[in-house]
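Asker: Pasting in a structure now, in structure tokens, and then I'll have a few things to ask.
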Amino acid sequence: MATAVSTIGSVNRAPPNLNGSSSSASVPSSTFLGSSLKKVNSRFTNSKVSSGSLRIVASVDEDKQTDKDRWKGLAFDTSDDQQDITRGKGKVDSLFQAPQGSGTHFAIMSSYEYISTGLRQYNFDNNMDGYYIAPAFMDKLVVHITKNFMTLPNMKVPLILGIWGGKGQGKSFQCELVFAKMRISPIMMSAGELESGNAGEPAKLIRQRYREAADIIRKGKMCALFINDLDAGAGRLGGTTQYTVNNQMVNATLMNIADNPTNVQLPGMYNKEENPRVPIIVTGNDFSTLYAPLIRDGRMEKFYWAPTREDRIGVCIGIFRSDNVAKEDIVKLVDTFPGQSIDFFGALRARVYDDEVRKWITGVGVDSIGKKLVNSKEGPPTFEQPKMTIEKLLEYGNMLVQEQENVKRVQLADKYLSEAALGDANSDAMNTGTFYG
């Protein structure tokens with residue numbers, strides 16, 4: 001028995017091999033188990049590692065990474081493919097994500113849809129095409145955009161530029177010309193997107209469009225957020241305008257973005273990641289209808305656009321640039337209709353083409369218009385350039401003015417509300433001699 005005890009204490013234990021695959025640990029042999037036990041090699045090494053050979057490697061210090069590091073871009077998402085949001089879903093622990101169904105967990109649009117709907121691209125050079133940009137307008141817009149991309153010491157630059165003025169004065173088109181001149185592709189919004197059947201949706205859309213513009217700036221290209229007719233979507237036009245919660249949230253969102261332009265978060269996501277500053281340009285007709293704290297000087301810089309005579313002549317030269325109209329005739333045309341908007345002259349030019357369209361309809365027949373325009377193998381019709389004389393332009397201009405006066409003078413809505421029958425609705429046409437019947 002003593003022999004058996006002594007043999008049990010002689011069990012051989014192979015030391016662990018830290019080198020891995022060159023040698024392997026063997027099954028311990030024992031006299032007690034018998035001398036016929038075969039030794040086999042195991043593919044697994046002992047996981048117990050000696051503390052004397054343990055090597056600890058520190059993590060990489062990101063502060064020591066320089067801008068010259070060729071692999072630096074791997075740590076940042078530089079793709080503009082919105083489907084990256086969907087592909088990355090589930091890669092991050094839920095602790096660091098916002099609640100489901102909010103934020104950017106789900107792709108809002110594909111990249112092509114962003115380009116086709118939100119992103120406005122320009123493929124023309126306004127200097128070559130002869131478009132006129134008013135110097136005062138260009139100065140105000142260029143200075144505002146440039147200031148917002150600069151870091152000025154001890155100075156708070158207003159984020160929003162509000163351009164307002166009369167209807168049809170070319171505010172939006174002048175902005176687009178300046179954007180094209182500066183090679184900026186702005187993210188566009190309109191007043192129709194500032195209201196929704198869902199409460200809070202327009203405010204969320206403003207933040208999404210702002211962050212989309214910030215992503216473009218982060219990738220090294222200038223961008224801006226351009227909102228058309230802000231007062232029509234967020235203002236109060238008389239006592240009959242219904243003031244909804246979306247109007248309130250749109251005003252509050254723009255105020256919050258103007259106060260914190262580099263920390264614009266989506267609803268439900270509150271990480272402290274800064275975004276580039278994006279200048280916001282808005283247009284409108286009457287900013288007195290907006291919420292007063294939004295248009296205060298620290299948040300919005302206001303610019304009243306009233307084109308001078310020289311501006312109107314310059315814009316009209318651009319409108320009639322392909323019609324071979326002499327500059328003297330354009331000056332006479334502008335001076336003949338001094339109270340009209342710039343858009344009036346564009347409508348006047350379109351009215352001249354009515355004669356050519358009327359000739360084409362007479363040639364093909366009224367019953368064949370659909371076949372020729374919608375389902376035709378011949379392609380769209382082409383017209384010769386109509387000759388525009390000053391006499392014809394003045395004639396059509398007076399016709400447009402007369403139509404404007406009729407709208408202001410003959411207010412049939414008041415007659416319909418005050419009388420059950422048609423009443424004197426045709427009296428104006430009878431008095432002017434244009435009523436036949």
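Each residue, glycine too, has its Cβ placed from N, Cα and C.
What you see is a predicted model, and the numbers here were worked out from it, not measured in a lab.
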Asker: Pick from 1-26, 53-78, 183-208, 261-286: which range has region 'Disordered' per Swiss-Prot?
Answerer: 1-26
Asker: For Gln169 (ATP binding site), what is the secondary structure state per DSSP, taken as helix, strand or coil?
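Answerer: Assignment for Gln169 (ATP binding site) reads coil.
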Asker: Using a Cβ cut-off under 8 Å and a sequence separation of 6 or more, which residues in the same chain sit near Gln169 (ATP binding site)?
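Answerer: Non-local contacts for Gln169 (ATP binding site): Trp305, Ala306, Pro307, Ser341, Ile342, Asp343.
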Asker: Other residues with Cβ within 8 Å of the Cβ centroid of Gly165, Gly166, Lys167, Gly168, Gln169, Gly170, Lys171, Ser172 at the ATP site?
Answerer: Thr283, Asn285, Trp305, Ser341, Ile342, Asp343
Asker: For Gly168 (ATP binding site), what is the tally of other C-beta atoms lying within 10 angstroms of its C-beta?
Answerer: 15
